[in-house]
Amino acid sequence: MEDIIRIIQDGSLDGEKYFQSLKERQGKENAEIIKTVKFIIDNVKENGDKALIEYTSKFDKVELQSIEVTKEEIKAAYSKVENDFICALKTAKENIEEYHSKQVQNSYVITKENGIVMGRTVRGLDKVGIYVPGGTAAYPSSVIMNAVPAKVAGVNKIIMTTPPMKDGFVNPSILVAADLAGVDKIYKVGGAQAIAALAFGTETIDKVDKIVGPGNIFVAMAKKSVYGFVDIDMIAGPSEILVISDETGNPKFIAADLMSQAEHDTLASSILVTTSKELIGKVIEEIKLQVEGLSRKEIILEALRNFGAIILVDSISRAIEIGNVVAPEHLEIITPNPFEYLNDIKNAGSIFLGSYSPEPLGDYMAGPNHVLPTSGTARFSSPLSVDDFVKKSSYLYYSEKALRNVNDKVVKIAETEGLTAHANSIKVRFK
């Protein structure tokens, strides 16, 4: 494990090559995958539930009579998971609810003289679809992170799709999370076919207004394909963490945090930017020690070799500059007073301050959303929030007197733009 992770001196050619490799790691879109996804979407649009059942048989090796999860199945799921897990999920849900409730925006109205009234209405979307990866790899945290903000936003109906396990049932931890989070309907459908069903509807599954949730490359391509017919949250890239630390950082903690993201997949990037040469050696030793006890050891090691890096810089301010260029999904600041640097962080999905605010805390429990922009998109994108589940409409009312007061001005602008019918719409009211 000698070359466990690359070490880069800031300003070197190695650094430039490394950052270029991060940009290129997802590669080009696969034409065969795009073709397959298009075929699946068209098939679901044409054949509805029949296509869903056939794809479940083909891809999940499960023969289903019905794709809808029953109330009895949801009730039975509670007996199949530990009480401690249920308790933990309830606490997480409460924290996520509390955090997201602060994001709620209210409608407003402005009244002016001469009978002018204008304002904005804010209302939840009618129907939202949540995609949750299923099978043996269950992620109940994805359920609550997507469903709770939708619920807080006032979404009328939340529909969830997730592939069944080999026994034809949905993973019980997923069902419990969905029930606690207030999901209204759950269907045993996965892959691109689930996205197609949510986007266009079938005999059983309602067409939704927005689709959220993570998935594999087929799910991602399907979401991209249906965007415009429905809204989507984002196309997520590989997981990322960038840790900024000085010499006071605990190497055990830093090594553990870097590996927590590396275990996602071999394209994940784990980066430490530090001012301390001594810390580098200690972190590498800790990685070697800790990785031996981890179930996803091979994935972690490959991710660290492929896209991991430790960058030596001469100051924390330079480390922050690098962080702002990378615009990582997760950014940790491990210094004696991390709050002094908070306002300097311009580009990051979520920021974790101090030694006892590790990234997995945000994944599961604290309250901020774990659905975050990746691949540098934190430069212009934000974490999933209540705002993603609402729509806003503006409205206005002018009395005759109010319109007469601005009549000439409106006409002048319309005529300058050459839109005479616009101008006529105003003029005709005062002839």
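Cβ atoms are placed via backbone N, Cα and C, with glycine included.
Model, not experiment: these values are computed from the prediction.
Site annotation (Swiss-Prot): substrate is bound by SER239, GLN261, HIS264, HIS330, GLU417, HIS422, and the candidate from ASP184, ASP206, ASP363 recorded at this site is ASP363. Ranking the binding-site residues SER239, HIS330, GLU417 by Cα distance from GLN193 (NAD(+) binding site) puts SER239 first. The recorded positions close to SER239 (substrate binding site), defined as a CA atom within 10 A of its CA, are GLU329 out of TYR131, ASN216, GLU329. Ranking the recorded positions TYR131, ASN216, GLU329 by Cα distance from GLN261 (substrate binding site) puts GLU329 first. TYR131 (NAD(+) binding site) carries a strand DSSP state (E or B). Comparing Cβ neighbour counts within 10 Å across the binding-site residues GLN261, HIS264, GLU417, the minimum falls on GLU417. Summarising the substrate site geometry, the residues cited as binding it (SER239, GLN261, HIS264, HIS330, ASP363, GLU417, HIS422) extend over a maximum Cα to Cα distance of 56 Å.
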